[in-house]
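Notes for the one structure printed next.
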Amino acid sequence: MTLTEKDSQYLWHPYTQHKTAQLPIAITRGEGALLWDENNKEYIDAIASWWVNPFGHSNRFIADRIYKQLTTLEHVLFGGFTHEPAIKVAEQLMKLLPKNQQKIFFSDNGSTSVEVAIKVALQYFYNKGEKRTTIIAFEDAFHGDTFAAMAASGISFYTQAFQGMFIDVVRIPVPVKGKEQLSFDTLRKVIQEHDCAAFIFEPLVQGAAGMVMYEAEALDQLIQICRDNNVLTIADEVMTGFGKTGKTFAMDYCPNVPDMMCLSKALTGGTIPMAITTFTQEIFEAFYDEDINKALFHGHTFTANPTGCAAALASFELLQTPEMQANLVRINQRHLGFQEYIKKHSKVTTTRVLGTIFALEIKKEGEESYYGTMRTKLYNFFIENGIIIRPVGNIVYILPPYIITDEQLQKIYTVVEKAIEMV
Ligand SMILES: *Cc1c(COP(=O)(O)O)cnc(C)c1O
């Protein structure tokens, strides 16, 4: 039996209707931007395995650090105990984060980092004796699949089975070009009409919505409106963090800073599941009290796992090397070059680039759904051609590991162009 056949017997995959889905491809090894399946077919990982892998697969530098940590202290409980890797992660992260971020809280994945941020926002006001229970989020947002994260997410088929069971969330339009004023006005109105605790957003790029982009000036305004009204702001940088937008964080483009940030995905260089929520000192102080009930009663068994921390530390180091910073610039320039070329194609309606992220929309007849037929045709074409790309409806995006070579990038561009011809 092949791995793929055995898989069907035992495994339940994410976002998969097993009755109609194609069987999964069994990957047996990876190196750099490349992956190989059980038949030794080679693939270029053009989406960094769901945006987690900036430095390439099976990275030796990170692996050695992980091994060293595993054979020194693999794990210890974080309730009542602490350890150097966690402290070092905090020290290093503070150097990278906006200056107002002073406290960090560990969890295991992007959804839980959001869950923590939303719970903290709600309890912040509870602790102060103020009734503020509504969360503001963007239309088409994606913040994860746990309950509060799902409530904040606006992509309907992820959440429709659970309607009516959520915390209160109100949505405002994304301030894409031409919609800025509508977004500002709606935010002001929502704040007037509801007891709003916090505004959560994916800064500059909405990943799961199909790399929808908007300008930093617009985000800056939205944060300012929240600030003027004492509404907390949560920047969900789970996708955008650690270089994807060309800067370490998308928030680095924005003069106004958020009150909280959510980090995961590339945090450990795509090796060990870990997440962090970061806070201002002011938020921490709303929980700091003689009264035990004001504490944050939230935690995960693997909180601040030292092995994950070692991987994160190695990743911070790699990201800051001149070589890696040069890669960010190089990928951006290549993307811009391809954009100039492909935007003239008669079947391409829009293109967008920010940092290492490239996206284009293909002209469609009628409505094309998230997992529709054009999407399936495109996906299969990419796989046949040895490229891992997961289109979102008629949107094709590229978000490669930063160590991808120019030749590999060129191959991706060539296959993308052929795919546009094909559909
Ligand atoms: C992926 C993602 C999440 C959820 O992270 P998981 O690790 O999949 O739980 C949350 N927010 C954003 C912006 C994401 O891209």
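Please read every residue number as a count from 1 along the shown chain.
Yeah, the Cβs are placed from backbone N, Cα and C, and that goes for glycine too.
TrEMBL entries are annotated by machine, without manual review.
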Have a look through ASP168, ASP236, ASP252 and flag the one TrEMBL assigns to the pyridoxal 5'-phosphate site that GLY110, SER111, HIS300, THR301 belong to. ASP236
Closest to SER111 (pyridoxal 5'-phosphate binding site): which of the binding-site residues TRP50, LYS265, GLY299, ARG390, going by Cα position? LYS265
If I take the alpha carbons of TRP50 (substrate binding site) and GLY110 (pyridoxal 5'-phosphate binding site), what is the distance between them in whole Å? 12
Rounded inter-Cα distance in Å - ASP236 (pyridoxal 5'-phosphate binding site), LYS265 (substrate binding site): 11
May I ask which of the binding-site residues TRP50, GLY110, SER111, ASP236, GLY299, ARG390 have a CB within less than 6 Å of any atom of ligand 1, listed in sequence order? GLY110, SER111, ASP236
Binding-site residues LYS265, GLY299, ARG390: which have a Cα within 10 Å of GLY110 (pyridoxal 5'-phosphate binding site)? LYS265
One should report the C-alpha separation between HIS300 (pyridoxal 5'-phosphate binding site) and ARG390 (substrate binding site), rounded to whole angstrom, as 31
